[in-house]
Structures are given as C-alpha cells and as structure tokens.
Amino acid sequence: MSATGPISNYYVDSLISHDNEDLLASRFPATGAHPAAARPSGLVPDCSDFPSCSFAPKPAVFSTSWAPVPSQSSVVYHPYGPQPHLGADTRYMRTWLEPLSGAVSFPSFPAGGRHYALKPDAYPGRRADCGPGEGRSYPDYMYGSPGELRDRAPQTLPSPEADALAGSKHKEEKADLDPSNPVANWIHARSTRKKRCPYTKYQTLELEKEFLFNMYLTRDRRYEVARVLNLTERQVKIWFQNRRMKMKKMNKEKTDKEQS
C-alpha cells in the first residue's frame, strides 16, 4: 500500500502507537487537515543577544545583464508547411529553380509566396531571334504537363568540346588495335594506294591532243607538257600508259568483231 499524499490517519494508527503522538507532533509539521501544533520554546534558541550581521555586496562577475537570445529571423529558415492540394492538370516545374522578384505569378500558390522559374539557357546568344526585348519573357521559361515533357525529344547542341572528345575517342580506339591480331588488322585495314586525283576537262583535252600527234613522249616533251598543264611528269607518263592500254584494248575488240 502506497500513499502519494500526506500520511493518512489510518496508516499512521496502524503502524505506531498513540503514546508517541507528542514526539511525532514535535518532529513533523501538521498538515492542512490538522491544526498546527505549537513548538516548545526550548527547541528554538534565543538569538536576541547577538548583533545582526551585514555583508558587503560583491561585484557582479558579468557586467552585462543576462538577456534571452533573440529568435532567428524567418528569412533565414523557413519551416516546411503543408502545400495546398493541386489538381491533376496543374502545371509543374523542374527542380533546379531560382527565385525571381515577382517575374511570374501562379494562381495556385498564395499571394505572399515566392515565385520561381527555370534557369536561363546556357547559350543566351542562340535566342537572339526570339524577340526584340533583352529581358526575360514567357518563351524563356518552360512549362508543361508531365506527358508533354516526356514526349518531347531532347535537343542536343553541337559544341567544339564534344567534337574534340569524339575525335580523341576515335584515336584511342585506333591505338588499342593489336598489330599481332590479324582479324583486327583485316577489319580496319586501309589501302596503301594514294588518293585518286582526276584530271580536269582541260587537262584531259590537251593530253588527248598530244596523244593524237604522238603516242610516245620524249623526256623533254613530257616535261614541257607537265609544266603547261600544271601536272607532274609521273602523272603525264601514267596517263599516256593508260591511254595506250585503252587503245590496244579497243583495237583488239575491233579485230575480234571483224573476224566473227
């Protein structure tokens, strides 16, 4: 049995005898239920003979008074509050937002709320033809439903950094080829033949005229023709060789037709 309040009469009577009531009354003060018992004068000494003591006040350790710390302004920290429920057809924005000084307002948000908009494009010069104004306008911001943004194809702008990166990757792939691997060499093999340099119509016409006069050229004449046509001696020599082979083939076909 436990009692949270003052000791009840029943609990005291069951534990102690009535012979010690005077002793208990002098030790325990009376509660509101019982009248206050007067303490005997012998227990309290008389201090009227001693003079009263007076102490000099000590200087305060801290000169300034203790004041509560001022609360932080609401500008620094904004506690999260429940936002109003938006409908299914309400427009939404991306997560990388920046605050604007009232540039665009939304009817779904409270009047005192902060307005947000998407960051501007990283290439502002490409939007020079959008409008005459230099400030931000509604075409500069992108709004749309999730379905519209999902269906919209991403636009990639070519940049010199991307081209340089692609070229470096291509070079690394070439360097990774093993020269001892015949399969890789066969796949990436290139012809050692020089790039074909076709003759112009004027050069071909002059060479044909020279071929009609003489099927074989001397070294001096070949040098002169090459200088006039802005060609090398080797190019003139090869052209005459090919032209003689072509003429020989044409004569052989003509002879075969006559015999048949």
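The backbone N, Cα and C atoms fix where each Cβ goes, and this holds for glycine too.
As recorded in Swiss-Prot:
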- 120-181: region 'Disordered' (REGION)
- Ser159: phosphoserine (MOD_RES)
- 192-251: DNA-binding region (DNA_BIND)
**Prompt:** For the DNA-binding region (192-251), what's the model's average pLDDT?
**Reply:** 91
**Request:** Using DSSP, break the DNA-binding region (192-251) down into helix, strand and coil residues and give each count.
**Result:** 42 helix, 0 strand, 18 coil
